[in-house]
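In what follows, a structure is listed as C-alpha cells, so that the remarks can point back to it.
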Amino acid sequence: MDQPTTRKNARIDVADVLRGLAVMGIIVLHSIEHFNFGSYPDTSAQSAWLNFTDKAIWDGLFFMFGGKAYAVFALLFGFSFFIQDNNQQMKGKDFRLRFCWRLILLFLFGNLNASFFTAEVLVLYSLVGFILVPTCRLSDKTVLILACLLLIQPLPLYYTLRATFDPTYTPLTIPTRELWMTTYQSQMNGTFLETLRTNLWEGQLASLAWAWDHGRVFQTAALFLLGMLAGRRRLFLQEALPVWNKICAGAIIAFFPLYGINNLLPQFIENRSILVPLSLIISSLANFAFMLMLVSGVLFMYYRTRMQSLLRKIIPYGKMSLTNYITQSIIGSFLFYHWGLGLHSHLTITASCLTGIVLFFLQWKCCDWWMKHHDHGPLEYLWKRATWLR
C-alpha cells in the first residue's frame, strides 16, 4: 500500500460538491415519500395531468437517486475516513481508536435522527463503519477484493444458489410487519413524544432489519472500502480523470444490461426464493454502476467545464451534510406526521416534490450564510470537538 508522506491533505472541494448533491437528492426523495410515512391524499378526482406528473416525478427521482444518493454518501464516508486517518499517520499517530470513538458519537447522532425519521442511515453507518478499522492497513489489492466480494451480496447469492438446487428452500427474512405497522400508527395518530419513542425503537429496528434484508449492509461496507481506496489513489483530484473515463465507460456498459435483466427476471423466474435474492443482487449492482456514472459526470463537469463555478455554490451545503441530514428529518417529521402539521393527507407527490425543493433551497441559503462566518456546521463542530474531547 502506498502511503503519502507529504503535508496534511488539503480539503478536496469536489468531495463537498458530491456530498451536497447527494444530500439534495436524499431530501427530495424523502419529501415525496413523506419521510417514510406511506400516507397520501386521495388523488382519484385530480386531473390526468397531475396523475401523470405524480408518477413521472416518483419514477424519475427514484431512477436518478433511489439507492444512488446514499451510495455516494457511503463512498464519501470511506473517503473521509482515509483523509482523517492519513493526516494522523503523517503526524505519527494512530487514528483507529479515535475513529471507533467517532463512530460511537455518530451512533448517538443517528439515534437523534431516528427519533424523527425511521429510514435514517447514520446508525447503520456507525455500525458498519467498524469494518474500516481492521482493513485500513491492508494492501490496495486486498481491500479491492474484499469490496468486490461484498458488492456481489454474498448472503443473497447463497440464498439464490441454495434455492436453485433445492426448490423447497425459503430464504430467511426478519419479520418486520408489526414493527412497521406500529410506527405507521404512531406517525398517523401519535403525539410528539409517542412518535419519537416509537420511531426510536420499533422504527429503528424495522429500518435496520430492512437494511439487512435488502443488502444495504454488504453494499455500505463495500462502498466504505472503495471510498477509502479512492482516497489512497487520489481519485478525486483532477489528474485522476483518465481513471474516471475508464470507470464511467465500464459503468455504462454494466448498467444497461443489469437494469434490463432485472426488469425481465419476473417473466422467467417463478420461484420467489430465487427471484427475490437474485433481483436484489442485480439491482444492487445496477445502482452501483449508475452511482459511478453520476460521480464520474460530476467530476468531469467540475474539472473540465464551465459548470465548476455553479457546482462550487453547493460546497457550503456539502460541508454541513450532517447538520442538513438531521435537520431535514426534524423538519420533514413536523411537516408530514400527525404531531406536526399532518400534511401527509394534503400534499400529493408533485406538491411534496416542490416542498422538498423549497426545503433544500432554504437549507442551502442557511448553509451559505453560516459557512461565511464559521469553519464548520453546528453538528459538524460538535462531532469534531467530541471526537478529540476538546
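The chain as shown is numbered from 1 upward.
Using the three backbone atoms N, Cα and C, a Cβ is placed for every residue, glycine included.
Caution: TrEMBL annotation is automatic and unverified by curators.
Copied over from TrEMBL:
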- 231-389: domain 'DUF418' (DOMAIN)
- 12-32: transmembrane segment (TRANSMEM)
- 61-83: transmembrane segment (TRANSMEM)
- 116-136: transmembrane segment (TRANSMEM)
- 143-161: transmembrane segment (TRANSMEM)
- 243-262: transmembrane segment (TRANSMEM)
- 274-302: transmembrane segment (TRANSMEM)
- 322-340: transmembrane segment (TRANSMEM)
- 346-364: transmembrane segment (TRANSMEM)
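The listed stretches are 143-161, 243-262, 274-302, 322-340, 346-364; of these, 346-364 has the most Cβ pairs under 8 Å to the transmembrane segment (12-32). Here the transmembrane segment (61-83) touches the transmembrane segment (274-302). Their Cβ atoms form 3 or more pairs under 8 Å, with each pair 6 or more residues apart. For the domain 'DUF418' (231-389), the model gives a mean pLDDT of 97. In this chain, the transmembrane segment (274-302) touches the transmembrane segment (243-262); three or more CB pairs sit within less than 8 A of each other, excluding pairs fewer than 6 residues apart. If you look at the transmembrane segment (143-161), the same-chain residues 6 or more away from its ends with a CB under 8 A from one of its CBs are 135, 169, 171, 215, 218-219, 221-223, 225-226, 228-229, 273-274, 277-278, 280-281, 284-285, 288.
Residues of the same chain lying 6 or more positions beyond the ends of the transmembrane segment (274-302) and with a Cβ under 8 Å from any Cβ of it are 14, 17-18, 21, 66-68, 71-72, 75, 151-153, 156-157, 159-160, 163-164, 171, 214-215, 219, 223, 236, 241, 244-245, 247-248, 250-252, 254-255, 258-259, 261-262, 265-266, 308, 311.
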